[in-house]
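**Student:** Features from TrEMBL:
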- A:ASP176: active site, proton acceptor (ACT_SITE)
- A:GLN52, A:GLU127, A:ASP158, A:GLY159, A:PRO183: S-methyl-5'-thioadenosine binding site (BINDING)
- A:HIS83, A:ASP107, A:ASP176, A:SER177, A:THR178, A:ASP179: spermidine binding site (BINDING)
- A:23-256: domain 'PABS' (DOMAIN)
2 protein chains.
Amino acid sequence: MVLIKNKLAIFPGEVDKGGIIMDLWVSEMQTADMRISCRVIKSLHSEMTPFQKLMVVDTHQFGRMLLLDNIIQTTVADEFVYHEMISHVGLNTLPNPRKVLVVGGGDGGSIREIIKHKSVEKAVLVEIDGKVIEAAKKYLPEISCALDDPRVEVLVDDGIKHVKENKNTYDMIIVDSTDPIGPAEGLFGAAFYQDVHDALTEDGIFVAQTESPFFNRELIPRIYNDVASIFPLARLFLANVPTYPGGLWTFTMGSKKHDPVKVDISKLPDLNTRFYSPEIHRTCFVLPPFVQELIKK
Amino acid sequence: MVLIKNKLAIFPGEVDKGGIIMDLWVSEMQTADMRISCRVIKSLHSEMTPFQKLMVVDTHQFGRMLLLDNIIQTTVADEFVYHEMISHVGLNTLPNPRKVLVVGGGDGGSIREIIKHKSVEKAVLVEIDGKVIEAAKKYLPEISCALDDPRVEVLVDDGIKHVKENKNTYDMIIVDSTDPIGPAEGLFGAAFYQDVHDALTEDGIFVAQTESPFFNRELIPRIYNDVASIFPLARLFLANVPTYPGGLWTFTMGSKKHDPVKVDISKLPDLNTRFYSPEIHRTCFVLPPFVQELIKK
């Protein structure tokens, strides 16, 4: 992208001696009626993949940011909240997780957290869009750094198919997806959750990101009830991700045997985390009444 | 505000038969590098008061919204989080709060929550800008509804002066202020906190809104350390307000005697709340490590 001003070619993020001559922002329509915008230092990458529009921009507020179909997926500044919470709450509920699957999550952040667990022998990433993995490796090394770990297997494939074809295989399955529109739509349905259930070992756990309790008040109970109808135990928990709409985010867990709120938190390992902690493991399941009412029978 | 298009005068929020012909948004620069925007149905009120710019707009996402100096103060859709948490955590820590002061808070939301407590005999609001109270009464009846209650006294005055002149008077003082720029600057300093301490009765409690743990990482420890140097007990707690930057907000408490985390939550009254609950009373003090590190000595 090149603008011509005063006969000079100016590139995004450049500033001339007279002041800022290009004021570039990236904006996400978080809902039809609400927008977040971040000032951009430099646009690093933009392409149409076979699945979606992929962008990487460097922002002043959050550092490097990955967007898919114009929606913020992750940023270097706040990704720790999401990736720690989608991984450790479930893994620390299991006594000895060995094999873990991430569906989606091509940036690698969930994988990075999973391999902090010493018991994990294999972490498999199944991402449908290989371009997301390539971009993360090139532009987001802080997030993708574990994708080349020997315990990690990266597959560019359809997660729905993979789950269907691997019965009784994984101790934990994490659905680290985009929003329930576009390529990820099938990851939010009861048929998929049944396949996830069947792909888990006998005491396995499943965790998915399930959107905002302020803005997705129809989706959350639908997912929760689907999961509760398939798994012996369903739980909803919360974390604070500032670049997601409203800043408060839900995760839905289905568990075959172990209850996350009954974990002895005094025995949890130190995982060098910035949002997750043993006490947060306990309190993230305490829902304010306006969230609780979403999932009460 | 009138736009002329095709010889017709169009007012904000109006839509002609051919589609939206006016697309009005209200935007807040949450930081120098981040902006939130909400689509406006109608601009209801705009004036320069002696203290600040005051606006009330009706938005699609959050309903009616009060802005001061272009910063979102409260909205009908999410005000419950902030007002419940700034009031009930402190009041439910005290065995028998009778006299309560709100400094700022001209919208009346904190007062509405305070008078839910049966022990409260008098709730005093000291708001420096009478125009805020007038606008709240006219445009935000859901929030300001308790300002005419017989137990409530409304003073248009300087809160700093009021606190200095009323020693040993209040069981709880709530500082429900704008950001620490402009008229509220003096409400974020150690000299004011000392006056607040002296205006409290012997087992009194003070709570202030103290900004975002993501974006105000210098302010929060400064306030916390000031409060901890003046009060026997200082505590930080969290709540989720989607229209505030990052969606996660801190409150700082100074207490002369009672520890909020030692309250027997099984005995707390039902206050008909949507965010606060006895369990939230306990868990709001559990800080993620990245917040905890802000206030560790």
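Glycine too: its Cβ is placed from the backbone N, Cα and C atoms.
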**Student:** Looking only at C-alpha atoms, tell me how far A:PRO183 (S-methyl-5'-thioadenosine binding site) is from A:HIS83 (spermidine binding site), rounded to the nearest Å.
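**Tutor:** Cα to Cα, A:PRO183 (S-methyl-5'-thioadenosine binding site) and A:HIS83 (spermidine binding site) are separated by 21 Å.
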**Student:** Where the distance is taken from Cα to Cα, which of the recorded positions A:HIS83, A:ASP107, A:ASP176, A:THR178, A:ASP179 turns out closest to A:GLY159 (S-methyl-5'-thioadenosine binding site)?
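**Tutor:** Checking each of A:HIS83, A:ASP107, A:ASP176, A:THR178, A:ASP179 against A:GLY159 (S-methyl-5'-thioadenosine binding site), the shortest Cα distance is to A:ASP176.
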**Student:** Among all the protein chains here, how many other CB atoms are within 10 A of the CB of A:HIS83 (spermidine binding site)?
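**Tutor:** I count 27 other Cβ atoms within 10 Å of it.
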**Student:** Anything within 10 Å of A:SER177 (spermidine binding site)? Look among the binding-site residues A:GLN52, A:GLU127, A:ASP158, comparing CA atoms, and list what you find.
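**Tutor:** Hits: A:GLU127.
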**Student:** Which one of these recorded positions, A:ASP107, A:GLU127, A:ASP158, A:ASP176, has the sparsest Cβ neighbourhood, judged by other Cβ atoms within 10 angstroms?
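**Tutor:** Selected from the recorded positions A:ASP107, A:GLU127, A:ASP158, A:ASP176 on minimum Cβ neighbours within 10 Å: A:ASP158.
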**Student:** State the three-class DSSP label for A:GLU127 (S-methyl-5'-thioadenosine binding site), counting H, G and I as helix, E and B as strand, and everything else as coil.
**Tutor:** strand
**Student:** Using a 10 Å cut-off, grab the number of neighbouring Cβ atoms around the Cβ of A:SER177 (spermidine binding site), all chains included.
**Tutor:** 23
**Student:** Give me the CA-CA distance between A:GLU127 (S-methyl-5'-thioadenosine binding site) and A:HIS83 (spermidine binding site), in Å, as a whole number.
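**Tutor:** Approximately 16 Å lies between the Cα of A:GLU127 (S-methyl-5'-thioadenosine binding site) and that of A:HIS83 (spermidine binding site).
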**Student:** With H, G and I counted as helix, E and B as strand and the rest as coil, say where DSSP puts A:ASP107 (spermidine binding site).
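**Tutor:** In three-state terms, A:ASP107 (spermidine binding site) counts as coil.
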**Student:** Let me make sure I understand the span of the S-methyl-5'-thioadenosine site: among A:GLN52, A:GLU127, A:ASP158, A:GLY159, A:PRO183, what is the greatest distance between any two Cα atoms, in Å?
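**Tutor:** Across A:GLN52, A:GLU127, A:ASP158, A:GLY159, A:PRO183, the widest Cα separation comes out at 16 Å.
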**Student:** Considering only the recorded positions A:GLN52, A:ASP158, A:ASP176, which residue has the minimal Cα-Cα separation from A:HIS83 (spermidine binding site)?
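**Tutor:** Of the recorded positions A:GLN52, A:ASP158, A:ASP176, A:ASP176 has its Cα closest to that of A:HIS83 (spermidine binding site).
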**Student:** Based on Cα distances to A:ASP107 (spermidine binding site), point out the closest of the recorded positions A:GLN52, A:ASP158, A:ASP176.
**Tutor:** A:ASP176
**Student:** Residues with Cβ closer than 8 Å to the Cβ of A:THR178 (spermidine binding site), same chain and 6+ apart in sequence?
**Tutor:** A:GLN52, A:LEU68, A:ASP69, A:ILE71, A:GLN73, A:GLY104, A:ALA184
**Student:** What whole-number Å value do you get for the CA-CA distance of the residue listed as 'active site, proton acceptor' and A:ASP158 (S-methyl-5'-thioadenosine binding site)?
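**Tutor:** If we compare the Cα positions of the residue listed as 'active site, proton acceptor' and A:ASP158 (S-methyl-5'-thioadenosine binding site), the gap is 13 Å.
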**Student:** May I ask for the distance between A:ASP179 (spermidine binding site) and A:ASP158 (S-methyl-5'-thioadenosine binding site), taken between their Cα atoms and rounded to an integer number of Å?
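**Tutor:** For A:ASP179 (spermidine binding site) versus A:ASP158 (S-methyl-5'-thioadenosine binding site), the Cα atoms are 16 Å apart.
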